[in-house]
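Enquirer: Got a structure for you, questions after.
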Amino acid sequence: MICISGIPGTGKSTICNLLNDLGYTCVEGNALAVKYGCLSGDEVDVDCLSDRMRSDNFKGIVAAHYAHLLPCNIVIILEADESALRQRMMDRGYSPEKIDENLDAQRSDTIYAESLERLPANRIFRIRNADLNVALSDILRIIGGRNG
């Protein structure tokens, strides 16, 4: 399974939709959580989701801010410019505290560090999403025709 992760506003959903348009199977993590009954209120139970995906032998690409915590073969971390991220999160109604928390997560490499606990560095990729076409091209090069 290929996992696309990153803080909110980095382009995970947009990339996932573009991959689907190209014939890949990319699913939003929250949709899988609903399908597998792994929601606890508004929160995704990552352990439940991981277990259900393993038992279902899920093959595909998953996009979510927590995707790197799932049973991934490859993790792609999307990153973006802080000013663009701040504006996107403001547009989505995030509180100033939540925006700062998310930006701090990108600055401190939290997702990369958590990914390293699960995978070797040569299976973790960072993509700077400044230009959507370049980011998509980089991702296609990484996944090399694999669909999970």
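Keep in mind that glycine also has a Cβ here, set from the backbone N, Cα and C atoms.
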Enquirer: Same ATP site as Gly9, Gly11, Lys12, Ser13, Thr14 according to Swiss-Prot: which of Arg52, Arg54, Arg92?
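Expert: Swiss-Prot names Arg92 for this ATP site.
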Enquirer: Taking 28-44, 130-146 as the choices, which stretch does Swiss-Prot tie to region 'NMP'?
Expert: 28-44
Enquirer: Compile a sequence-ordered list of residues in the same chain as Gly9 (ATP binding site), six or more apart from it, whose Cβ lies below 8 A from its Cβ; state 'none' when nothing qualifies.
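Expert: For Gly9 (ATP binding site), the qualifying residues are Ala80, Ala84, Leu85, Arg88, Met89, Arg92, Asn102.
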Enquirer: Just to be sure I understand, if DSSP states are collapsed into helix, strand and coil, how many residues of the region 'LID' (91-101) fall in each?
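Expert: The counts are 7 helix, 0 strand, 4 coil.
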Enquirer: Within its own chain, what residues at least 6 apart in sequence put their Cβ under 8 Å from the Cβ of Thr14 (ATP binding site), listed in sequence order?
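Expert: Within the chain, Thr14 (ATP binding site) has Cβ neighbours under 8 Å at Leu132.
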